Amino acid sequence: MKATIALLPGDGIGPEVVAQARILLDAIAARFGHTFTIEEGLIGGIAIDETGDPLPPETVALCERADAVLLGAVGGPKWSDPNAPVRPEQGLLKLRATLGVYANLRPVAPHPAAAKFAPLKPELLEGVDLLFVRELTGGAYFGEKGREDNGRVAFDVARYSVEEIERVTRRAAQLARGRRKKITHVDKANVLETSRLWRSVVTRVFGDEFPDIEFEHVLVDAMTMHLLHRPASFDVILTENLFGDILTDEASVLAGSMGLLPSASIGDGRAGLYEPIHGSAPDIAGQGIANPYATLLSVALLLRHSLGLDAEARAVESAVSQALDAGVLTRDLTAEGAVSTSQAGEYVAARVREAA
Ligand code: NAI
Ligand code: MG
């Protein structure tokens with residue numbers, strides 16, 4: 001097939017891990033006989049430095065004509081001045097809104113070797129296979145925000161509409177049908193009005209449209225505990241933007257590292273947005289030691305969800321799995337014998353090139 005893929009490396013370790021994704025895409029194209037046109041665009045801090053705009057119009061145009069978008073990460077101390085007129089993450093938030101990617105899918109299925117590097121008891125990780133569905137274009141991240149009283153008072157408004165909750169709930173329910181048919185909806189309905197709306201809409205949508213799916217409501221504070229006590233008891237976890245951001249970083253402990261978790265952001269439009277769940281990791285940027293697997297697994301999600309290439313996606317997932325089995329591990333996963341970002345990426349690309 002022919003497809004156009006936009007790569008947005010961004011800041012910090014973003015360019016380092018996206019470089020490995022590019023090598024992997026070339027390997028997939030060669031092995032499976034596809035033609036991928038790969039074009040790079042600016043976003044985040046580097047885009048501010050070069051154009052003054054964290055999401056230049058050229059990048060929007062590129063993403064809109066692409067079949068899928070792969071992003072590294074944005075942000076870093078260089079652009080963190082609270083008084084700066086523009087900030088890197090504004091570019092990413094605007095891109096998510098522009099592409100209308102309201103459902104952020106974050107699978108967490110610890111690899112069998114994860115017990116070696118996850119700080120949890122191995123028996124706790126057995127059978128853990130989670131899919132977080134995080135609402136991505138609403139809530140406090142997108143509501144009105146500002147300062148009053150000479151900057152001494154700040155506010156972020158969390159706002160959700162029935163329609164916003166319905167569409168992401170339906171997405172989660174459809175995904176649950178292909179899995180173990182169980183949804184845990186996470187909110188804070190004892191305190192927040194938005195959560196009470198979520199609870200009523202989720203309950204109605206399931207009752208009316210998805211009677212075959214088992215669902216439950218769990219309060220977010222309790223969920224942070226359940227997630228580490230009994231992770232295997234959950235299947236699909238549906239939640240709003242802020243809670244999903246926090247819970248998925250917590251869930252990375254189950255997998256062993258932030259550097260292992262991919263994500264897919266999809267909506268009703270054409271292009272999906274794919275990115276590792278981690279940030280730009282300024283503490284390790286420029287050293288060639290970042291774990292590229294979260295980004296490579298995001299490529300697998302891109303192949304599956306945006307291009308419909310399931311065999312190719314499985315080839316990538318299998319290659320990363322072989323790398324973990326073989327102990328091809330970056331420094332976040334092992335104290336001894338760590339490989340570099342490019343060694344890890346090259347190992348995976350080589351397994352794809354020789355895939356059956
Ligand atoms: P972070 O996710 O960048 O890093 C947290 C910790 O995990 C760090 O110790 C880092 O070294 C480690 N880590 C993350 N990814 C890794 C990888 N692939 N391999 C090995 N180790 C890895 O979060 P942090 O430090 O809170 O934020 C750093 C910057 O990233 C900030 O400017 C923040 O705004 C931005 N950020 C951007 C995101 C995005 O672009 N989607 C998401 C989260 C944060
Ligand atoms: Mg996050």
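Cβ atoms here come from the backbone N, Cα and C positions, even for glycine.
The domain 'Isopropylmalate dehydrogenase-like' annotation in TrEMBL covers 4-348.
As annotated by TrEMBL, NAD(+) binding site applies to 76-89, 279-291. Around the Cβ of Gly76 (NAD(+) binding site), a 10 Å sphere holds 21 further Cβ atoms from the protein chains shown. Secondary structure at Gly76 (NAD(+) binding site), as computed by DSSP, is coil.
In the shown protein chains, 12 other C-beta atoms lie within 10 A of the C-beta of Asp221 (substrate binding site). Positions annotated as substrate binding site by TrEMBL: Arg96, Arg106, Arg134, Asp221.
Spatially close to Tyr141 (site 'Important for catalysis') yet at least six residues away along the chain are Leu93, Asn241, Leu242, Asp245, judged by Cβ distances under 8 angstroms. For the recorded site, Tyr141 (site 'Important for catalysis'), the DSSP three-state label reads helix. Per TrEMBL, the feature site 'Important for catalysis' maps to Tyr141 (among others).
Every protein chain shown contributes to the tally, and the Cβ of Lys188 (site 'Important for catalysis') ends up with 18 other Cβ atoms within 10 Å. Sequence annotations record features per position, and here TrEMBL assigns site 'Important for catalysis' to Lys188 (among others).
According to TrEMBL, the Mg(2+) binding site annotation covers Asp221, Asp245, Asp249. Listed in sequence order, Met258, Ile277 are the same-chain residues at least 6 apart in sequence whose CB falls under 8 Å from the CB of Asp249 (Mg(2+) binding site).
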Out of Ala84, Arg106, Arg134, Asp221, Ala285, Ile289, which binding-site residues have CB atoms lying under 6 Å from ligand 1? none
Looking only at Ala84, Ala285, the binding-site residues on record, which one has the least crowded Cβ, with the fewest other Cβ atoms within 10 Å? Ala84
Just to be sure I understand the contacts, which binding-site residues have a Cβ under 6 angstroms from any atom of ligand 2? Candidates are Gly76, Pro88, Arg96, Asp245. Asp245
Return the member of Ala84, Pro88, Lys188 nearest to Arg96 (substrate binding site) in space, with distance defined Cα to Cα and candidates limited to these recorded positions. Pro88
Proximal residue to Ala285 (NAD(+) binding site) among binding-site residues Arg106, Arg134, Asp221 (C-alpha distance): Arg106
Simplified to three states, DSSP reports Ala281 (NAD(+) binding site) as coil
Specify the secondary structure state of Asp245 (Mg(2+) binding site) as given by DSSP, simplified to three classes. helix
